[in-house]
Amino acid sequence: MAGDNPENKDASMLDVSDAASNTTINGKHSADSTNEASLAYTFSQMNVDNPNELEPQHPLRHKSSLIFNDDDDDEIPPYSNHAENGSGETFDSDDDIDASSSSSIDSNEGDIHDADMTGNTLQKMDYQPSQQPDSLQNQGFQQQQEQQQGTVEGKKGRAMMFPVDITWQQGGNKVYVTGSFTGWRKMIGLVPVPGQPGLMHVKLQLPPGTHRFRFIVDNELRFSDYLPTATDQMGNFVNYMEVSAPPDWGNEPQQHLAEKKANHVDDSKLSKRPMSARSRIALEIEKEPDDMGDGYTRFHDETPAKPNLEYTQDIPAVFTDPNVMEQYYLTLDQQQNNHQNMAWLTPPQLPPHLENVILNSYSNAQTDNTSGALPIPNHVILNHLATSSIKHNTLCVASIVRYKQKYVTQILYTPLQ
């Protein structure tokens, strides 16, 4: 290689050979600063991208090349593939370029290249926070919309509540109230009324309906003698109250329904979610006029208006008019004399649901079941006294109670003298 013309020799091969010979003579490795500088300068002057420089040129396989394109804002390459020193290129182990020599480049052009790459990386990293995916924007809009809906529903729930003042005036130091409005699980403390000793009260927001409650006075369950009382299923005395809505409260649901419909249309316009074709057609149909042309109009299903019913205190004429009462009794006399089938004029002695006593009815299942179980009783005879027909000079008296899905019948047999 030394005998060839220096002009025809490849510059890269000459520099590499000289660097290798100098390393052999001096007994040193690639740590020599002079050889590293010349080797770095040689590689920096080589244009490996131009196919006219080196013939024949073998294509180099790059695993990944970092390319920054400011026009492409949708996709940002992951920063995990970037090198901290800003080189920005990784080569395959099968490439002809030595990785150790490429990492030792410290020339001015290498520094400029590193600075440019670092600047581009910082520019791209600074641009990243301003670029937000559409999914994050949609998620933020959905959360804001849900908060608005929760606020509207909370206002609606508060609009259905009415203030109720519960008072206690029968002494005690610590007074609490619990009831059906708290599920009988929480106690609400009463506060004394200023200027009125011995009087304690609490103001609650309750929905319309019947509410039962009891007081806890100094760790003792009590009920107030100044409030309406009733008994629960266990026979304990409780207080109750009826919370009724104002007369003009019935018109509010219609107004709220109209406002909800208008808000729903506005929300559909503001929503950025993709709508299906059927939904878009439905919205367009609602905006179109009812007159479709050629004598056709759009049909709207409307609920019929309820008739206005009023409660009266008028007594029927059969109880006040003597002529009507006389005619009624004459009809009864004719029925008794002629034995005609006019049973509709005579009221029954017992309601129809009480005529069939459970003690007198026998189920077909009793032929197979010898346990003596009775059929499921009617709900109207629960907690009532029932009697059976007299059989064998014995009278049966029974009482039926229910516990969840079980019925217990207690029967007492009394002999007749």
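Every residue number used here counts from 1 along the chain in the order it is shown.
Glycine is treated like the rest: Cβ placed from N, Cα and C.
The compositional bias 'Basic and acidic residues' annotation in Swiss-Prot covers 1-12 (among others).
Sequence annotations record features per position, and here Swiss-Prot assigns compositional bias 'Polar residues' to 19-37 (among others).
What Swiss-Prot lists as compositional bias 'Polar residues' is 118-136 (among others).
Here Swiss-Prot flags 137-149 as compositional bias 'Low complexity'.
The compositional bias 'Basic and acidic residues' annotation in Swiss-Prot covers 257-269 (among others).
For Ser12 (among others), the entry in Swiss-Prot reads phosphoserine, with the evidence type a large-scale study or a structure entry.
The phosphoserine annotation in Swiss-Prot covers Ser21 (among others).
According to Swiss-Prot, the phosphoserine annotation covers Ser44 (among others).
Residues or ranges marked as phosphoserine in Swiss-Prot: Ser135 (among others).
The Cβ of Ser276 (phosphoserine) has no same-chain neighbour under 8 Å that is 6 or more residues away in sequence. Under DSSP, Ser276 (phosphoserine) is assigned to coil, being neither helix nor strand in the three-state scheme. Feature annotation from Swiss-Prot assigns phosphoserine to Ser276 (among others).
Around Ser279 (phosphoserine), no same-chain residue at least 6 positions away in sequence has a Cβ under 8 Å from its Cβ. The annotation phosphoserine is assigned in Swiss-Prot to Ser279 (among others).
The region 'Disordered' annotation in Swiss-Prot covers 1-37 (among others).
Swiss-Prot lists 64-155 (among others) with the feature region 'Disordered'.
Marked as region 'Kinase-interacting sequence (KIS)' by Swiss-Prot: 152-342.
Residues annotated as region 'Disordered' in Swiss-Prot: 250-269 (among others).
Sequence annotations record features per position, and here Swiss-Prot assigns region 'Association with SNF1 kinase complex (ASC) domain' to 343-417 based on experimental evidence.
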